[in-house]
Amino acid sequence: MKLLIRGGRVIDPANEIDAIMDVLVADGKIEAIAPNIQAEGAINIDAAGKWVCPGFIDMHVHLREPGFEYKEDIASGTRAAAAGGFTTVCCMPNTDPVIDNAAVASFVRERAQKSGVVNVLPIGSITKKQAGRELSEMAELVEAGCVAVSDDGLPVADSAIMRNALQYADMFGLPVLSHCEDLNLARDGQMHEGYYSIIYGLKGIPAAAEEIMVARDIILAQTTGAQVHICHVSTAGSIDMIRDAQERGVQVSCEVTPHHLILTDEIVGSYDADTKVNPPLRPLEDVVALREGLLDGTIDCIATDHAPHHLESKDCEYNLAAFGISGLETAVALIMDKLVHPQILDAETMVSLFTIGPADILGINKGSLDVGTDADITIVDPELVREVNPREFYSKGKNTPFKGMVLKGWPWMTIVSGRVVYKEGKIITE
Amino acid sequence: MSKEGGKTVKLEQRKDLLGLRDVSREEIEMILSTATPMKDILKRDIKKVPTLRGKAMVTVFYENSTRTRTSFEIAGKYLSADTVNLAVSTSSVAKGESLRDTVKTIEAMGFDLMVIRHGMSGTPSYVARNTNMRIINAGDGANEHPTQALLDLYSIKEAKGSLEDLKVVIVGDILHSRVARSNIYGLSKFGCEIRVVGPATLMPPEIEKLGVKAYNNLDQALRGADVINVLRIQRERQVAGLFPSLDEYSNLYMLSPERLKNAREDVLVLHPGPMNRGVEISSALADSTTAVVNEQVTNGVAVRMALLFLMMGGSKDEITY
Amino acid sequence: MRLEPKKKLMDDMGIKRAITRIAHEIIERNKGVENVALIGIRRRGGPLAQRLAERIEEIEGIKIPVGILDITLYRDDLTTLAAQPQLHRTEVFFNINDMNVVLVDDVLFTGRTVRAALDALIDIGRPRCIQLAVLVDRGHRELPIKADYVGKNVPTSHTEVISVLVSEIDGKDEVVIQDILKE
């Protein structure tokens with residue numbers, strides 16, 4: 001079966017392409033990119049006015065399966081990904097059981113094959129049961145298809161273990177994704193510690209809780225020569241340290257979430273628990289620093305930290321609510337509306353942050369429209385205006401502080417290995 | 001009157017009183033001036049007026065409190081409202097019912113107003129969003145305790161004649177104190193110079209952005225003070241590593257007759273009670289201020305009567321939800 | 001709502017004469033003023049009670065106690081009002097037990113204000129009797145209430161508005177009537 005995507009603006013930063021062209025897909029692979037392709041018998045897709053990009057990759061999501069299917073499962077989470085324009089997601093290991101062995105990793109991949117609609121690449125845990133003590137069997141995890149290791153949410157507090165993990169993972173070229181949080185400093189914290197935490201009377205999480213661990217991980221990466229990736233950076237201090245380390249040649253990369261690029265801690269005053277997230281929403285100075293980091297290349301990619309929760313974990317007292325935002329279905333529209341349309345971020349940089357950026361960190365053969373590679377394609381309609389309506393989410397997690405926001409620029413079509421899985425608001429299954 | 005969502009809001013049009021931060025000076029003055037005739041009623045032989053006949057209110061306290069809860073209850077009764085206390089520990093909350101369900105159940109019983117105290121900041125706002133009952137915050141976490149601040153303001157005005165331009169010192173655990181926050185919001189609307197004093201570990205780092213002066217030294221903070229509001233110190237804070245011992249705390253911050261010499265001669269000492277003698281206030285000073293502290297309790301009833309009258313007395317048609 | 005031009009019912013001299021007459025009637029009815037107290041209903045009953053007391057003192061040479069009653073908390077229309085009326089203090093700083101209390105108000109209309117005043121009064125003590133003095137009785141009673149002393153009876157229609165002005169509050173003494181014009 002052939003697909004011919006005609007007349008769209010093809011944006012492929014990996015190949016430095018930004019032009020009106022056609023893309024021909026055959027047998028699930030990219031067959032050709034050129035102006036005015038003629039292809040007998042191909043299904044035509046008119047992409048005039050749309051942006052045709054390599055499939056977007058979200059390297060930080062929580063699919064909750066196995067163990068927490070009431071929050072999300074692989075079927076609903078991958079549909080949310082497709083609706084959000086993502087063709088590949090990397091799922092964090094904090095499931096039950098934890099993805100700390102080949103059996104669980106294989107289970108996730110099989111479930112994804114059976115019930116998923118986009119590529120699912122599991123992330124294994126750094127330590128067994130994410131307990132922070134013994135290293136997981138990483139060779140086995142790589143064998144089972146894991147593309148990285150992380151103890152996301154339960155950061156490795158023991159610096160000796162973390163150093164060992166970086167050294168050991170480096171043998172396999174396996175990136176270590178570090179959720180940087182000093183749990184003692186952050187204990188009982190509900191929001192960023194600062195002016196608004198005084199005003200709202202909520203226990204604060206100081207920026208130092210993140211920055212101390214960022215500093216530690218940079219030092220460990222430097223002394224071991226291994227690669228470390230900092231998850232969801234959120235403070236100006238973290239950005240400064242990472243920038244400095246990169247300039248010194250330390251192998252440190254980092255990601256940022258859409259919500260940390262757009263929201264500030266002021267909105268916590270509604271006590272709407274959908275604003276409760278970890279790391280917490282930060283003040284304007286930090287948002288400005290994150291945007292600078294995005295523009296000067298310090299930040300390598302945008303990831304959602306998609307953290308779906310059941311309604312009851314959010315519709316309650318702020319202190320009792322779970323941390324997290326259901327982010328897959330709003331990420332692209334938020335970046336389009338808040339950063340691309342206001343000309344803070346150009347289209348090519350935006351696309352690379354969602355494609356070749358994460359692909360390079362993970363070392364996977366995705367994120368470009370190279371001829372012969374899997375035909376994972378995201379088509380964005382830059383002019384489409386729509387309201388964020390969580391009730392229409394494919395994700396089981398309706399927890400978003402962006403509800404009701406009207407945004408311009410949404411995913412229009414999502415193609416995975418040459419198959420259209422999402423088109424104009426609808427998931428397409430055979 | 002204050003602006004809320006661009007519209008001018010009068011106190012009687014407020015559905016809820018969640019804190020003093022968004023309450024205007026005019027609204028506070030209205031409450032305080034209404035409290036005086038209410039206080040007169042407390043001194044009569046017949047301490048009851050029929051004003052809130054047929055209205056029902058419920059107090060729901062998720063934290064222990066005798067005086068605030070009793071004060072609200074008797075204030076409602078003096079105004080002829082039917083007043084019910086929900087004993088939280090013995091209710092279905094103990095069986096794991098969610099707050100939302102508890103609120104819906106209470107609402108279904110026909111209450112007009114709910115007074116809530118909760119250990120977690122923001123819970124009264126959460127409840128207010130989910131009910132048509134009027135909500136009065138009787139203290140939430142480290143956020144606000146508006147009626148305590150109103151009675152403090154009333155007591156200060158009664159003693160000093162006016163709230164304008166006073167030097168008010170708040171001593172103690174500023175970090176965890178909702179009384180401190182509500183007092184700061186209330187007093188700052190009257191041009192008071194507010195000083196907060198306590199150990200650095202119990203002082204929020206950016207507190208001065210609220211327009212107050214922060215001190216670590218009690219004697220410096222007390223210089224020329226017209227009013228001192230002494231906060232309770234809780235032993236849990238020592239366990240949490242915020243200060244080394246109650247002994248060291250009291251050496252540094254206990255208010256005593258000797259230290260009062262730094263303040264004005266006619267200084268007014270307030271304490272929200274109950275007092276920890278020998279910790280935040282010396283026994284001698286506690287004895288000499290007992291009368292004032294008891295007057296504060298009386299004023300608390302009067303201020304809460306004023307609030308209940310202003311919020312519950314009128315028609316519901318004009319409420320700004 | 002538009003009102004027709006005001007028509008004057010009483011001027012300052014008229015009010016003064018009415019007060020003088022009521023003062024005499026109070027003295028006569030109570031056989032002296034040994035046991036009499038005057039309590040004005042806020043707002044304009046207050047100054048009128050004060051003037052009555054002064055007049056009685058001129059006549060009898062006795063200073064009688066005067067108080068002011070705020071009836072807000074006793075009104076029967078609170079739940080229908082959008083905004084709460086400003087609450088003021090009740091200033092009755094003497095014991096009313098076993099006194100002959102004369103309630104003083106400017107206008108007697110439906111009788112509801114007087115009903116509230118009676119309840120308020122009884123909550124602060126137990127007078128021997130309560131009498132009622134008004135400057136103007138305009139009729140249209142909705143409750144079984146009758147004035148003991150009346151300055152002037154004015155037959156009115158429901159659409160008319162009676163305003164009593166007193167110099168202590170309004171800067172001049174005058175009673176006027178206006179009708180609401182039909183649109």
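Quick reminder: no glycine exception, Cβ is built from N, Cα and C everywhere.
All annotation found in TrEMBL is predicted automatically rather than curated by experts.
Just so it is clear, the model here is predicted, and its values are computed rather than measured.
Here TrEMBL has A:H60, A:H62, A:D305 binding Zn(2+) 1, and the candidate from A:D152, A:D158, A:D170, A:D188 in that same listed site is A:D152. Among the candidates A:N15, A:N36, A:N278, A:N365, the one that TrEMBL lists alongside A:H62, A:L63, A:R64, A:N94, A:H309, A:F323, A:G324 as binding substrate is A:N278.
Around A:L63 (substrate binding site), taking its Cβ as the centre, 32 other Cβ atoms fall within 10 Å, counting all chains.
Within 10 Å of A:F323 (substrate binding site), judged by CA to CA distance, lies none of the binding-site residues A:H60, A:H62, A:D152, A:H179, A:H232, A:D305. The distance from the Cα of A:H60 (Zn(2+) 1 binding site) to the Cα of A:H232 (Zn(2+) 2 binding site) comes to 9 Å. Here substrate is bound by A:H62, A:L63, A:R64, A:N94, A:N278, A:H309, A:F323, A:G324 per the record. The longest Cα to Cα distance in that group is 17 Å. A:H62 (Zn(2+) 1 binding site) sits 10 Å from A:H309 (substrate binding site), taking the Cα positions as reference. Within the same chain, residues at least 6 positions away in sequence whose Cβ sits under 8 Å from that of A:H309 (substrate binding site) are A:K71, A:A322, A:G324, A:S326, A:G397, A:N399. One residue stands out among the binding-site residues A:H62, A:H179 for having the most other Cβ atoms within 10 Å of its Cβ: A:H62. Neighbours of the Zn(2+) 1 site: apart from A:H60, A:H62, A:D152, A:D305, residues of the same chain with C-beta atoms within 8 angstroms of the site's C-beta centroid are A:V61, A:M92, A:G153, A:H179, A:C231, A:H232, A:A303, A:T304, A:H306, A:A307. For A:L63 (substrate binding site), the spatially nearest entry among the binding-site residues A:D152, A:H179, A:H232, A:D305 is A:D305, judged by CA separation. Helix, strand and coil residue tallies for the domain 'Amidohydrolase 3' (A:345-422), in that order: 18 helix, 27 strand, 33 coil [DSSP].
Cα separation, A:H232 (Zn(2+) 2 binding site) to A:N278 (substrate binding site), rounded: 9 Å.
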